[in-house]
Each structure stands twice: as C-alpha cells, then as structure tokens.
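Since the structure comes first, as structure tokens, the remarks are kept for the end.
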Amino acid sequence: ALRRTARRGVTVAAVVHQPSAMVFSMFDCVLLLAKGGRVAFCGRVADIEAHFNAIGFALPARENPADWCLDVVSGSAATADGGTHPGTHAVLEAWLASDAFAKTRREGDGESAAARALESLLIGDASKSADDGGAECQQAPRCAQPPTHLRSQSLSFAAQSLPRSESSTSMDSVVMSVEPSSAHRRTASLDFFRSLVAPHEAEALARSVVQRVVGEVREAGRDMRRALHTPNVDSNLRPAPGFAAQFGLCVYRALVQRMRDIRQLLQEWAVMTFTGLALAVVMQRDDQEIPGSVTSIANMLTAFSLLTALAGVTVFSAERVIYAREAGYVNPVAYFFAKDALECANCVVIKPLLFLAAFYSAWQPRGTFAAWYAALAGASYAVSGASYVVSIVLRDRTTAMLAAAAMALTCVLVAMQGSDQYLALQKCTFAHWALQALVIAEATQMEGVWLLTRCASLEYLGFDVRARWTCLGVMLAIGAAARLGGLFALIVRYRP
C-alpha cells in the first residue's frame, strides 16, 4: 500500500528496525543512525553496499542487507577479511570522509552562500550605492530593511529567477568574492552583480521579488484562515468526502481488516458452534411443563449472551488509537455505523445461526427454528450494543471485557427473579424479553392435553403468548438505544 502511494508522487517516510530483504529493497533512500543519533549513512539503498565495501565490510551470501547494515552500524559485524570490527566510531568517521557526505556538504554550503550573497544585494540600495559609494550605503537606516522572515523568502525566490551570464562561474565563485570583504560587502556584491545584471534589469528583478514575496505571504494568510475556520479538512485543504463515501470506505477497511485475520474469525465461529452443541448435550429438557424448561433456556441464554458480549467489546477497543488519530477527519457517524454494520453481519446473523444449528439439532425444542433464531438474533443485537458502550467508555480492554460479561450475567439473573418487585427492572433488560420470546416459541407449539397447562404456566411466569413481536421490538429498541449511546460516547471521548 505504501509503495502504491509513493508511485502517486507522495513522499513516504517510515521508521523500521528489522525489515526483511524484500521490504528493504522497496525503499529508495535510507538513513542509518548509530548510537546517540549520529548519522552512519544517508543515501540511496543501491549505494549502501558499495559504501560499506569501501571501508572494509562485505555483505555475506544469503544475508539480509538490513540486518547486515544494522550489524555494521552497531559494531557487531566482521570485516571482509574476517577481522574484528574497528568500532562504531570508525564507521562514523568513514561516512564523514566519504564522497557522498562531501557532496551533500557542498550542496548545502552552496545554497547558504548564495543566500548570503543575494541578501547583501537585496538589503542594499542600488541607486544610492552607485552614486554615493559604500559610505553612503553604510549610513542607510536599518528600519528600511525588510523583515528577516521576508528576506529569507526573498532569497529563495531570487535564487530561482536570477539571470546568469554564460561566461560567469557558479554561485560558489560569487561567495568567494563576497565573503572576505565584510566592511564593503554591499559595495562588492553590487559591483559583481552589476557585471551580470543590467541596471534596469536589477530594478525589475527587485520589483518581481517583492511582488512574489507579497503574493506568497497573502496566500499563506488565506490558507491559514481557511484552515482555522473550515472544520474537518485535511492538510491539503481538499473537500472531505460525503457521508456515503466515508461509510463505504470505512466498511471496506473494516472488511479488509477482518479478512486479514480470518483465522481468528473462524475460531470464533468454531467456539459458538461447539458451545451450542455442548449445552444441548448437558442440559435437561422437560417435555411436560413449561416452567421445567425455563431454567435450561435461561442457562443457554446466559452462555450465548456472554460470548456475544465478549465479542462486542473487541469491535471498537482494538481501533481506539486509530480513531483517536483520525477523529478530526473522519465522520464519526459514518465510522461508527460502518463498523456496526459489519459486526451485525457477524454477531447478529452468522453467530446465532451457527450456535442455534448445533443447539437445536441436539436439544430438539418444540418451537420452530425461525422463532428461536429471531429471539437469539434480537438478544445478540441488544447485547452487542451495550458492549459497544462499555468498550468505548472504559479504556482498558481487559476491564471492558469483565464489565461486559458482568452486565450480561446480571441481566439474566435479574430476568430469572420471580418476584413482582423486580418487574420494572426486568423490563429494562434484554434477557427478560429474550427469555419471554423463547418461552412463547415453545408454548405456541403445544398440542392436545398440554394446552390445558400452557395458560397456567405462562400466567405463573408473567408472560403473554401474544407478545412475541413485542419482545422482538423491545430488544431491537434496546440495541438501537445502546448504539446511540455508544456513538455519543465515541464523539465525546475522542473529541479532536
């Protein structure tokens, strides 16, 4: 991905410690730092082997070039003739004495010297120096000079547009003629540039430099005001994509991340399937009365809720650092619901199907498969929403998992209380409505003599056989409310 980005013309900088040979070959340039942050090499990857060969090191056969470079810099690599390493200090001195370092030094000195020469030209007054000499120029008031930050910009622009004679030498020779004379720097520089630039061209050059400086300053001011007053824009001031585009990009990125860790996803599905099968084998089933099956159904609901709650915690806790870094550029609503949409396909559709396929085939309840699946899907939607809130509010992932598991277990225990004093609290939990939906699924399939006891059993439990769709609607409402709370916590918790 970084290679494709670099091919588009974007500069990519990466800090790596032990890259593979393939990754190392992808870089164009490399900077090697020795102990203390001192530079041991800076240049193209293709030149690094020749540089170290010149100072007595040879790359062994079938050796990772990156590891070999680190060994040379750290002082643990042997020389080409099998001798001991001369020391890190020798490697650093070899870089300072190399042609590559000298070339870099000359380029840097040439740019700074040219800037100093142009500074002496721009600060002085051409007309006064030509008529009155250097003494008059020295008496010029300092307040007439442009500010320092504008002079530095003027030098960079003038260096690009300065006309040069064919018979003249490089800018380095200009520096040599200007540097020794500190007392008459302005006069000397003007005399030299007078041979290169005509008087009318010098005035036009100065005017063009000033205009370019003023234009650049105004453009920088407009960019700064635009950056301060425009919300959610990137560094290039490009218009941010809309909600639909960001939603699609976030869904695609989440899908790619899931597919990269397909082994973990398959393990989660295997755990759900095995749990459903194990519960069906060890649980007892009462075919005569409904209350006898309620305890077994509640135990199954407890195990399913715990697995769903723990899986829901990992949705946002794993990308907490990523979202905190991108909070100023990504639409939080698009990001949240994109992650939720992909997780709903996993936790609300696939996992309940796998769990129930194993449990239903072994336990063989009376209710239909569709009724049981709808109840478990609604419970999973509600539990996963509550897990989102827990994982976003609590920073530590382990603490969030413990809190989510305690929440799911507490809801099931509250739903199992038969006293009317807990009825109001029971109706606020997902477990009450999920348990009622599962019991109703069993009761609607009773026939014959069992119809005589069905009404009494439902009245004893406080359930209504006609409230099947009400149970599903309440669980969906609990899940939706929990997701809105998670979105609010995400925006407040990681405010850019």
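Using N, Cα and C of the backbone, Cβ positions are placed for all residues, glycine too.
Mapped onto DSSP classes, the domain 'ABC transporter family G' (17-80) shows 26 helix, 11 strand, 27 coil. The domain 'ABC transporter family G' annotation in TrEMBL covers 17-80 (among others).
Per TrEMBL, the feature domain 'ABC transporter family G' maps to 198-492 (among others). Here the domain 'ABC transporter family G' (198-492) has a mean pLDDT of 82 out of 100.
Among the features that TrEMBL reports, region 'Disordered' is placed at 129-149.
Positions annotated as transmembrane segment by TrEMBL: 265-283 (among others).
Taken from TrEMBL, the feature transmembrane segment applies to 303-323 (among others).
Feature annotation from TrEMBL assigns transmembrane segment to 344-363 (among others).
Sequence-distant contacts of the transmembrane segment (369-393), counting only residues of its own chain at least 6 positions beyond either end whose CB sits under 8 Å from a CB of the stretch, comprise 301, 304-305, 308-317, 340, 343-344, 347-349, 351-353, 355-356, 360, 400, 403-404, 407-408, 430-431, 433-434, 437-438, 440-441, 444, 468, 471-472, 475-476, 478-483, 485-486, 489-490, 493. According to TrEMBL, the feature transmembrane segment maps to 369-393 (among others).
Taken from TrEMBL, the feature transmembrane segment covers 400-417 (among others). Within the chain carrying the transmembrane segment (400-417), a Cβ under 8 angstroms from the stretch's Cβ atoms is held by residues 298, 301-302, 305-306, 308-310, 312-313, 317, 383, 386-387, 390-391, 394, 425-426, 429-432, 434-435, all 6 or more beyond its ends.
Per TrEMBL, the feature transmembrane segment maps to 467-492 (among others).
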